[in-house]
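Feature annotations, courtesy of TrEMBL:
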TRANSMEM  12-33  transmembrane segment
TRANSMEM  54-82  transmembrane segment
TRANSMEM  94-115  transmembrane segment
DOMAIN    101-237  domain 'Fatty acid hydroxylase'
TRANSMEM  136-155  transmembrane segment
TRANSMEM  161-183  transmembrane segment
Amino acid sequence: MVPWEGYVSDETMGTFAPIVLYWVYAGGYQLVLHRRPLERYRLHTLAEEDEKNLVTLPAVVRGVLLQQLVQAIVAMFLFMITSDSSTVIVQPSMVVQMFQFLVAMLVMDTWQYFVHRYMHQNKFLYRHIHSQHHRLIVPYAIGALYNHPLEGLLLDTLGGAMSFLVSGMTPRTAVFFFCFAVLKTVDDHCGLWLPYNIFQRLFQNNTAYHDIHHQLQGTKYNYSQPFFSIWDKILGTHMAYSLVSRKEGGFEARASRD
């Protein structure tokens, strides 16, 4: 039993809940990001954000909305071809769902690592496609899905579709998985190192880890996203970091080779 049962289908929730959650979670970060009490948790100063970023917030919002439009179309098509309205779907046991969740996480990580890395290694793809995301040298939450439309389709949307198909999860389980992936992706770009943030405590691949990748010296490292850093460590693209307190308040994620 889930709260939306009897009101909307699992397929509809799987399509639109991650989009709504993105704006709620990222919007919440955006509202508190500029509040003075949180300056002591920032990985970059407000001045750095204004000086270094090469794209305005309205342009970022438009880019994210475009990606989410494509994402919704693909999700509706995916659920349409994989669902049978004449069959009652029985949810597997919690143990099976947890296993499917883990498989989906590993599939998404694998897909995104190799596509992401290739977009850095191929000069044409980086210059014309992936560099759009790196216009945000100082990441912030709303910009988590700010990508070239083609990258959004290849990296995020198709990666999510493959995770769903390979894991064999039901649409209902997919609602929770896609929402979890959205929360993790937004958090990785939030620009804050918070003391009680569960994502930053449970995952080595976190806000500071991905911040290194957005820095000039880290663009060829820390490709892994959004969950684990396994592929970076296996294939030699892992860049360690240390968190250093800034005199003016906040932290700096300082890169250091292993």
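From the backbone N, Cα and C atoms, a Cβ is placed for every residue, glycine too.
Because the structure is a prediction, the values reported are computed rather than measured.
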The domain 'Fatty acid hydroxylase' (101-237) - residue tally per DSSP class, helix then strand then coil: 96 helix, 1 strand, 40 coil
Confidence summary (mean pLDDT) of the domain 'Fatty acid hydroxylase' (101-237): 96
For the transmembrane segment (54-82), sequence-distant contacts whose Cβ falls under 8 Å of one of its Cβ atoms, 6 or more beyond its ends: 11, 14-16, 18-19, 22, 132, 135-137, 142-147, 149, 152-153, 156-158, 160-161, 164-165, 171
